[in-house]
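Novice: Straight out of TrEMBL:
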DOMAIN    93-263  domain 'PROP1-like PPR'
DOMAIN    271-416  domain 'PROP1-like PPR'
REPEAT    91-125  repeat 'PPR'
REPEAT    126-160  repeat 'PPR'
REPEAT    161-195  repeat 'PPR'
REPEAT    196-230  repeat 'PPR'
REPEAT    233-267  repeat 'PPR'
REPEAT    268-302  repeat 'PPR'
REPEAT    338-372  repeat 'PPR'
REPEAT    373-407  repeat 'PPR'
REPEAT    408-442  repeat 'PPR'
């Protein structure tokens, strides 16, 4: 932007004309007001700063609170500070508005900067500003900083009020520090500051997060014991139910829910959602329905979170038809239903292992042009896999990519488990390759499925006496494509940083087990270069049967597994060598006997 009348910043009027700021300040302010109504705060600042450079800005004609409120809603810290710099003589009220923007953005660094600006301006921070600073620290999870501000406030001679203590206790509750929460509450009581419902609710929340359910009910008793009893509200009820649920006391949570009727609390969808989530632990569908009925009678319109919770509950309770009815009823009532509810419904179909309903829902979503999420598609894929519909599942995987959705580790894990169940190694290998192309890092489940299928195929080849053994190196070594593939996949898992389980190690060892064949035993004896009579030769074969059953690579594999702590380490320096193989998988246990 340039002064001197050339290339000056201009803003359009509603009528399409342009304002030249050097001549018409009122029109510029008109443009500012239009921009602020539209929430275009960055352009507002550009306009005001340009007016400032031209000496045309009178900040007394600009409504400060309105701008800061828009900044709060947009969490626009940078623009709030730019606006503040244009205020010639900021008052403590101006600083408080700027501090509130920092609090809404959880920007503790910005909040402390505001405090420094107050001090540099020669003003004394008031209780409101300190309290907002404490709130900002609380939202940022900085409990120690929160108490440092509190002590600075007290040392400055500013008396904390109930909102200050409420902010302290709420910050402790969010951080799960129940002892500090009650410490702040104790200080509050010692200063004869009367607690309000917000303080009590914060204490109950802190108790719930730490599992101190009995202490939470003690707080409820204190509310009732006040000179002027403080009745619980929907936040109190919700916090108490959460405390009970976290402690596994579902029946107690249901008793708490009854307080909604006792105190004639209408509440919000959130408290009813909490009730649904609590009773989901016991699968009490009748109670869930009664909660929905209560909500309807009280005129509380369900939100998507509540509908999602109720539909999910229905799915776990095996009430798939009821789940569909809930969604349809919500739509009939004009309630906005989006992907959250549809995803829960797909999850319900998946939990009920009803792939037909899941597919029907998917087709409906396509018909209304509702784009699914990856988790929605994963639920559909799970339902199809459980229904032995692997070919259809592959079509859905293709659909995901056409919709611009990226299959994740869960997607490919579900598919590979289905492949192993059908023993379709070709599709499994294709999926493993495709996962890598999609940038998905294979996990243990995926590696285990491939190794499991290789293990079964090698076992079959070995049992049928197919050619799987070679003596080309002078020592017996397995030469089989399934063994090679299993070892390759296992090595890939190790390189990727995946720690295999003892079951996986055992399956790989199974791919290294030598065939049970008398001719092979004779060949092993010959390779040892031992000449013996028939009796001794028989004993030697018996020895080989006990200790020479695996490809030599098995020992290094076991050594590596021992270094990962998957199997116990064995010392060969002590005699006798003792190995407790009772808890090991069959091939791992046998492999522990392999000689050095």
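All positions are counted from 1 along the displayed chain.
Backbone N, Cα and C define each Cβ position, glycine as well.
Explain the structural surroundings of these features, please.
Specialist: Helix, strand and coil counts under DSSP for the domain 'PROP1-like PPR' (271-416) come to 108 helix, 0 strand, 38 coil.
For the repeat 'PPR' (91-125), the model's average pLDDT works out to 94.
Long-range contacts of the repeat 'PPR' (126-160) within the same chain, counting only residues at least 6 positions beyond its ends with a Cβ under 8 Å from a Cβ of the stretch, are 92, 95-96, 99-100, 102-103, 106-108, 111-112, 114-115, 118, 167-168, 170-172, 174-175, 177, 180, 188, 191, 193.
Remark: secondary structure over the repeat 'PPR' (161-195) totals 26 helix, 0 strand, 9 coil, with classes taken from DSSP.
Through the fold, the repeat 'PPR' (196-230) approaches residues 162-163, 165-166, 169-170, 172-173, 176-178, 181-182, 185, 188, 236, 239-240, 242-244, 246-247, 249, 252 of its own chain, all at least 6 residues removed from its boundaries and within a Cβ separation under 8 Å.
Here the repeat 'PPR' (338-372) has long-range neighbours at 304-305, 307-309, 311-312, 314-316, 318, 320, 323-324, 327, 330, 379-380, 382-384, 386-387, 389, 392, 396, 403, 405, meaning same-chain residues at least 6 beyond its ends whose C-beta is under 8 angstroms from one of its own.
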Novice: Residue list, the repeat 'PPR' (233-267) vs rest of chain: Cβ under 8 Å, 6 or more residues beyond ends.
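Specialist: Distant contacts of the repeat 'PPR' (233-267): 197, 200-201, 204-205, 207-209, 211-213, 216-217, 220, 223, 274-275, 277-279, 281-282, 287, 291, 294, 298-300.
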Novice: Mind checking which residues of the chain, 6+ beyond the ends of the repeat 'PPR' (373-407), have their Cβ under 8 Å from one of its Cβ atoms?
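Specialist: That would be 339, 342-343, 346-347, 349-350, 353-359, 361-362, 365, 414-415, 417-419, 421-422, 424, 427, 435, 438-440.
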Novice: Looking only at residues six or more beyond either end of the repeat 'PPR' (161-195), which have a C-beta under 8 A from one in the stretch?
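Specialist: Distant contacts of the repeat 'PPR' (161-195): 127, 130-131, 134-135, 137-139, 141, 143, 146-147, 150, 153, 202-203, 205-207, 209-210, 212, 215, 226, 230.
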Novice: What parts of the chain pack near the repeat 'PPR' (91-125), using Cβ distances under 8 Å and only residues at least 6 beyond its ends?
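Specialist: Long-range Cβ neighbours of the repeat 'PPR' (91-125): 64-65, 68, 71-73, 75-77, 80-81, 84, 132-133, 135-137, 139-140, 142, 145, 153, 156, 158.
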